[in-house]
Amino acid sequence: MKPSTEWWRYLAPLAVIAIIALIPVPAGLESHTWLYFAVFTGVIVGLILEPVPGAVVAMVGISIIAILSPWLLFSPEQLAQPGFKFTAKSLSWAVSGFSNSVIWLIFAAFMFGTGYEKNGLGRRIALILVKKMGHRTLFLGYAVMFSELILAPVTPSNSARGAGIIYPIIRNLPPLYQLQPNDSSSRSIGSYIMWIGIVADCVTSAIFLTAMAPNLLLIGLMKSASHATLSWGDWFLGMLPLSILLVLLVPRLAYVLYPPVLKSGDQVPRWAETELQAMGPLCSREKRMLGLMVGALVLWIFGGDYIDAAMVGYSVVALMLLLRIISWDDIVSNKAAWNVFFWLASLITLATGLNNTGFISWFGKLLAGSLSGYSPTMVMVALIVVFYLLRYFFASATAYTSALAPMMIAAALAMPEIPLPVFCLMVGAAIGLGSILTPYATGPSPIYYGSGYLPTADYWRLGAIFGLIFLVLLVITGLLWMPVVLL
């Protein structure tokens, strides 16, 4: 896109900062806190509009705040303290996000995904499932779901998982039956399989902490605001009943609501077998990779009392290097991993500043006054519903989480009766599950939408139906099960 036609994307964040900064400081806030919030909001607008990559937007915001820290980051009382050096303190704050364990956990998970991709293990697993279950269209839907489920814990980019591994496989399936995109025959099998592909990506993104980068961003925001956190095992156990239900329900539900014309056939299994033969037998690197992944999952689920999840990931990456599953060049050249590493660390830094300047506590008290008189359960459900429906207005899960999660956490902190771990897990699940609502909500959405097998009207209709079902089930399990295992 030409810069001359996109100038407004650059000016909009600056305009938002200026407008908020010119508004009189609300009662109960210090001027530096309000100015910090102005820059923070400008960063969020920049993440939504993306005049430059999101990581650059966040780094520019941090640079502005750090350089102008005497007016944006620190109070007059802090500056007046003997020996207080704002230059050193602002630098310490600016890089604080990079020491957060969440950052290293997601970076390690990206390296796991690199191992899967480089050795072809992820593709092999998906092809094996398609071969074994592809004789019937319904079972083929389950094969797609199970493939996503197996890959999700160690693939923190749902775009890499859905658009990079699963979609390239399933897009080859309709042509086996002489079916073409953007054709009346696409409903025969293509529409059903493509819909299962995007739904499976959204569902598995909610099941595991490491299945989607915004999940880890949420935990970082939660920790910076309250010093509480959710471990990998907490997330997994809290989501377990809903996960089992959705994994078993979704392919059957889609089969009923969006039935394929073609119910069975042998072309898909035969194609998968041919592809597997071309790949050859399971090699030693794939076996080592599989063993390390199983070990990591076991430690993530059961080892929380003995070793931090990030340390598990860090150690497994070291073993992957020693065993030559991946190379050092693979780490250095992984642009996607470094991109997420920088923007996630930067956003956690910005969220920490929002809490340190006192904005979160002020906003929480403001909400507490307006929410008084309502039951905590009613407030929690209302917040989740609002958060979920606002997904319609965001085309980026990162921007969505960055913009709304701090406010949701502040609202929960405003009412001590709301169990924060339960609430944050419900918010986290809503990020992934709500991605089904629109054809632009998350990275793989436009890929599947643009496949030619999902007409616009069908996508919006099915998105609303599945989205509503997901929301109802999330609220029910959030109120009945999550408190049992998290409190």
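Cβ from N, Cα, C; glycine included.
Counting same-chain residues at least six beyond the ends of the transmembrane segment (33-53), those with a Cβ under 8 angstroms from any Cβ of the stretch are 6, 9-10, 12-14, 16-18, 20-21, 23, 25-26, 60-61, 64-65, 71-73, 339, 343, 350, 353-354, 357-359, 362, 394-396, 398-399, 402-403. Feature annotation from Swiss-Prot assigns transmembrane segment to 33-53 (among others).
Counting same-chain residues at least six beyond the ends of the transmembrane segment (54-74), those with a Cβ under 8 angstroms from any Cβ of the stretch are 13, 31-32, 35-36, 39-40, 42-43, 46-47, 84, 86, 89-91, 93-94, 339, 342-343, 346-347, 349-350, 353, 356-357, 396, 398-399. Among the features that Swiss-Prot reports, transmembrane segment is placed at 54-74 (among others).
Under the heading transmembrane segment, Swiss-Prot lists 93-113 (among others).
Annotation comment: Swiss-Prot describes 137-157 (among others) as transmembrane segment, evidence class sequence analysis. Cβ atoms under 8 Å from those of the transmembrane segment (137-157) belong to residues 106, 109-110, 112-113, 116, 122, 125-126, 129-130, 164-166, 169-170, 173, 189, 192-193, 196-197, 200-201, 203-205, 207-208, 210-213, 216, 247, 250-252, 254-255, 260, 262-265, 268, 293, 296-297, 300, 336, 340, 443 of the same chain, restricted to positions at least 6 beyond its ends.
Taken from Swiss-Prot, the feature transmembrane segment applies to 189-209 (among others), supported by sequence analysis.
Here Swiss-Prot flags 292-312 (among others) as transmembrane segment, drawing on sequence analysis. Non-local neighbours of the transmembrane segment (292-312) in the same chain are 101-102, 104-105, 108, 112, 115, 153-154, 209-210, 231-234, 236, 319-320, 323, 325; each lies 6+ residues outside the stretch with a CB under 8 Å from one of its CB atoms.
The transmembrane segment feature in Swiss-Prot is assigned to 313-333 (among others); the stated evidence is sequence analysis.
Taken from Swiss-Prot, the feature transmembrane segment covers 340-360 (among others), and the record attributes it to sequence analysis. Packing against the transmembrane segment (340-360) from elsewhere in the chain are residues 29-30, 32-33, 36-37, 40, 43, 53-55, 58-59, 61-62, 65, 73, 75, 93-98, 100, 102-103, 106-107, 110, 156-157, 213, 216-217, 220-221, 224-225, 398, 402, 406, 409-410, 413: each is 6 or more residues past its ends and has a CB under 8 Å from a CB in it.
Long-range contacts of the transmembrane segment (370-390) within the same chain, counting only residues at least 6 positions beyond its ends with a Cβ under 8 Å from a Cβ of the stretch, are 400, 404, 408, 411-412, 414-415, 417-418, 422-423, 426-427, 430, 433-434, 467, 471, 474-475, 478-479. Residues or ranges marked as transmembrane segment in Swiss-Prot: 370-390 (among others).
The annotation transmembrane segment is assigned in Swiss-Prot to 393-413 (among others).
According to Swiss-Prot, the transmembrane segment annotation covers 418-438 (among others).
The transmembrane segment annotation in Swiss-Prot covers 465-485 (among others).
Listed stretches 93-113, 189-209, 313-333, 393-413, 418-438 were compared with the transmembrane segment (465-485); the greatest number of C-beta pairs under 8 angstroms is found for 418-438. When each of 93-113, 393-413, 418-438 is checked for Cβ pairs under 8 Å to the transmembrane segment (313-333), 93-113 comes out on top. Proximity of distant same-chain residues to the transmembrane segment (418-438), defined by a Cβ-Cβ separation under 8 Å and at least 6 residues beyond the stretch ends, is recorded for 158, 198-199, 201-207, 209, 211-212, 214-215, 218-219, 222, 226, 228, 230, 234-235, 238-239, 242, 376, 379-380, 383-384, 387-388, 391-392, 395, 397, 400-401, 405, 408-409, 412, 445, 460, 463-464, 466-467, 470-471, 474-475, 478, 482-483, 486-487.
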